[in-house]
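Trainee: If you scroll down you'll find the structure; I have some questions about it.
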Amino acid sequence: MCIHGHPHILRLYTWFHDERRIYLALELASQGELYKHLKAAPNGRFNEQRSAKYTYQVADALNYCHANNVIHRDLKPENILLTDDDNVKLADFGWSAHTNSNRRKTMCGTLDYLPPEMVDGKIYDDSVDQWCLGILCYEFLVGYPPFESETTEATYDKIRRLEVDYPRFMTSGAKDLISRLLKKPSSSRITLVDVMKHYWIKENMGK
């Protein structure tokens, strides 16, 4: 899946292949996976200012993808890279889908990030990325995804029941944004444009 031209999407410059492999020439994001920075942060989580900034930038990148009929479908800290100037680059479009109809049924992505419509094998649209953004924002702030469990079935059960534990240290603004993203039915999820305008994002990016 080739989509670029956005400041928060990793740019593909060119590609070539031989008999065994395909080679991609990609933009350098020298600070590597955001996941390693999350694990190295104090208490294994980001502060609200950093979380809001990254959430805004990922929402901006996803909004660009959706405007170009692309669903990412595998959002997680390992698939986001960081530049020297502390900006994110959305990467790894291996599970992405380009579709004009915007209606899919393939189950894909990462277990802890799966939306309920995928878990139940239902048709879905690009709002799966909003769900994943809610999981991502939660993981930024808490250090682990909200539906993480010991078994696959237990994870599925939590996802279906929307069983989210918001820790006491999480502010009401962060909780409000995440709860607006982790919605079912999917049509009730906040839009990516409204994510970028959310008061918690604005308050923390202004600090």
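Just so you know, glycine gets a Cβ as well, placed from its N, Cα and C.
Keep in mind that TrEMBL annotations are predicted by a computer and have not been checked by a curator.
Sharing the features that TrEMBL gives for it:
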DOMAIN    1-201  domain 'Protein kinase'
BINDING   Glu27, Leu28, Ala29, Glu78, Asn79, Asp92  ATP binding site
ACT_SITE  Asp74  active site, proton acceptor
CROSSLNK  Lys76  SUMO2 cross-link
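For the listed features, I'd like the structural context: burial, neighbours, distances.
Mentor: According to its DSSP assignment, Asn79 (ATP binding site) is helical.
Other Cβ atoms within 10 Å of the Cβ of Asp74 (active site, proton acceptor), summed over all protein chains shown, number 19. Asp74 (active site, proton acceptor) falls within neither a helix nor a strand when secondary structure is assigned with DSSP, and so counts as coil.
Same-chain residues at least 6 positions away in sequence with a Cβ under 8 Å from that of Lys76 (SUMO2 cross-link) are, in sequence order, Tyr35, Thr110, Tyr113, Cys132, Ile135, Leu136.
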Trainee: Using a Cβ-Cβ cut-off under 8 angstroms and a sequence gap of six or more, which residues of the chain neighbour Ala29 (ATP binding site)?
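Mentor: Result: Leu10, Leu81, Leu82, Thr83, Lys89, Ala91.
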Trainee: Highest Cβ count within 10 Å among the binding-site residues Leu28, Asn79: which residue is it?
Mentor: Asn79
Trainee: Across all the protein chains here, work out how many other Cβ atoms are within 10 Å of the Cβ of Glu78 (ATP binding site).
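Mentor: Neighbour count, Cβ to Cβ under the 10 Å cut-off: 15.
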